[in-house]
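**Q** Pasting the feature list from TrEMBL:
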| type | residues | note |
| --- | --- | --- |
| COMPBIAS | 68-78 | compositional bias 'Low complexity' |
| COMPBIAS | 91-104 | compositional bias 'Acidic residues' |
| COMPBIAS | 118-131 | compositional bias 'Polar residues' |
| COMPBIAS | 143-152 | compositional bias 'Acidic residues' |
| DOMAIN | 165-423 | domain 'BOP1 N-terminal' |
| REGION | 67-153 | region 'Disordered' |
| REPEAT | 430-471 | repeat 'WD' |
| REPEAT | 680-710 | repeat 'WD' |
| REPEAT | 735-767 | repeat 'WD' |
Amino acid sequence: MVAEGIGPSSVCGPRAHRKPGCGLGGQPATQLCICVAQWARLAGGPWVWPSSALCFLQPSLLCSPTPSLEDGSGSGLSDSEESVFSGLEDSGSDSSEESSESEDGASSGESHGGLEKTSGQQVQATGTPSLRTEAPTVRGDEYAEDSSDEEDVRNTVGNVPLEWYADFPHVGYDLDGKRIYKPVRTRDELDQFLDKMEDPDYWRTVQDRMTGHDVRLTDEQVALVRRLQRGQFGDVSFDPYEPSVDFFSGEIMIHPVTNRPADKRSFIPSLVEKEKVSRMVHAIKMGWIQPRRPRDPTPHFYDLWAQENPNAVLGRHKMHVPAPKLALPGHAESYNPPPEYLLSEEERLAWEQQEPDERKVGFLPRRFPSLRAVPAYGRFVHERFERCLDLYLCPRQRKMRVNVDPEDLIPKLPRPRDLQPFPTCQALVYRGHSDLVRCLSVSPGGQWLASGSDDGSVRLWEVATARCMRTMPVGGVVKSVAWNPHPTICLVAVAVEDTVLLLNPGLGDQLAMGNTDQLLAAFTAPEEPALQPARWLEASQEERQGGLRLRICHGKPVTQVTWHGRGDYMAVVLAAQGHTQVLIHQLSRRRSQSPFRRSHGQVQRVAFHPVRPFLLVASQRSIRLYHLLRQELTKKLMPNCKWVSSLAVHPAGDNLICGSYDSKLVWFDLDLSTKPYRVLRHHKKALRAVAFHPRYPLFASGSDDGSVIVCHGMVYNDLLQNPLLVPVKVLRGHTLTHDLGVLDVAFHPTQPWVFSSGADGTVRLFT
């Protein structure tokens, strides 16, 4: 216990730096005595110097240089004792722990004292200075516990992580409960390089982390490591490519897997097969099934003019045009033409400079000695193909040519200058949304604009300055926004997921905002509430401060919300299957109803008729017009589109337009027919939104190609005059994002302005 913390390396230094002619470890003998004395004094124990040690020190004091002690014979220390002793060099923490333990209790002090005495007796008993501080045992054999020869030091740590021993001088305990000390690590890179050069087996030496000792791998272990590095199996005798035997194979085995007898029903004739056979026999008897006859290998050709009906329309015109015949070859086409048909050099150059249509003959006459010397004609296949086309496409009758001026075929359209006013340029850009803007709506007075985006917010803008007045987070993707069209009601309906939020934006006339809150507060709930397809919930006090007034909850996602012209009713489209896709809510009574009993496909859009009590419902392939008072279907319009995407009704109510995802804009005249009056294909990609202007004869369409096309649509009161549809302007400004362009368009209620919202997160005003 005394020797802990001070090792021979502190006294003598490393063995590699010892020099001949000096004492132990390269120090002079006098200095060695002083060092050993200081070592004993620092150890703080009653040391008894053995006579052998004193005798060992005497010659070094008297004589001058002594022989080198590199072999360790003169030191009196074995390799094992020196290794253990050197292992105590870094054990300052262990000694400090034991000293602290000795101060804690008397019993521990006594044990330390006894241990010191025993160690002192051991030093006196043995002739060599044993400096090990292990449990005092009297050793009979000098090599009984020599750690240098122990190959298998069994570490009994178990599954304890070796990181716990990072701050201790030992790495575990052996089978006898003794500490296994870490080997000394005072070797520098030069020592390691010398060992690498001198030791031929240095490359196969690895360190055992459990004991800290170096282990030398055998040839079998090295071969195993090399096999594992190459991705092979550890076992040499294992063959990964030996043929596998499939137990279940297609071969018939003598002993089957199951020897279950056949079912009883397999012996009974099947009635179903009997019925099939009887049907086939009957078909063969009736001649419906013909036996397979051998095919005739001779080719069959179709003759165009073989069967002509004289009573047909083409047969009445006795103007038969015979098939054209090729001209017979002349002297110039002979392989040995007369000399007068051969061209001179000047004539050949002039023939080559002429245009193909101006040449008298389409070839150069040439002379060959014999017919077999004539090469193949290069344009034979091409000319034969053209002749076949002439025979196939020959007209069957003569048509009298009609002299028509091409200018008369173009309809007389007015000039765009005469159709003003309409928006022509981009005036303002409303920026603020961080994601695509799906919908927008303008207030009835035209002063404010509401926009809903995928960033989960509704923004309220001032139209004239493009300033964002309020941002109202709604906590989800906004699918539709609709401003109440009544001028005395200040409400905005917002469709978020499966809920319709009624917001009071708090902008504009304070009297209108107060009237709106009074109208909502005047409702008194009935004593026995009726069963409704939606739930009306009042907003909390915190939500009322944010502008929320009512919450209408549906069980399914809401895709569109639109108001009636009077502002008391609104229609909602749900993304669901069945007859509950369209719901109509009444604001004053807080009542919801489902107007339809059955479904006619997935509903895309709905719209109220501006004048009459009609509801227009657009599905994927058709548009139905329902009379709300009579509760019956009035008209079904067929737009001939693959998928209807948007719908808008003319302010007069007699015409409507619908856009589709196959880039068509269809105009319907409700008084004329159920089929489209005009189909416009101005856009190159899918249409997302269409809109009518409430006052001017304008309508607009927004598409995924990033453009807004404004058209002039004049509807006349005269029933004999058709509507005038003229495209007047293509407005561009939105950038394509994720292959999406313009998502919604809306007109200003009083000015000839159009708003558009795009996938680039902006709202733009064109004036």
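Note that Cβ sites are derived from N, Cα and C of the backbone, with glycine treated the same way.
Curation does not apply to TrEMBL; its annotations are automatic.
Describe the structural context of each listed feature in the structure shown, including burial, neighbouring residues and relevant distances.
**A** Along the repeat 'WD' (430-471), the predicted structure has mean pLDDT 91.
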**Q** For the repeat 'WD' (680-710), what are the same-chain contacts with Cβ under 8 Å, counting residues 6+ beyond its ends?
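**A** Long-range Cβ neighbours of the repeat 'WD' (680-710): 421-423, 645-651, 657-667, 725, 727-736, 739-747, 749-750, 752, 754, 756, 758, 766.
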**Q** Under DSSP, the repeat 'WD' (735-767) has how many residues in helix, strand and coil?
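**A** Its residues fall into 0 helix, 18 strand, 15 coil.
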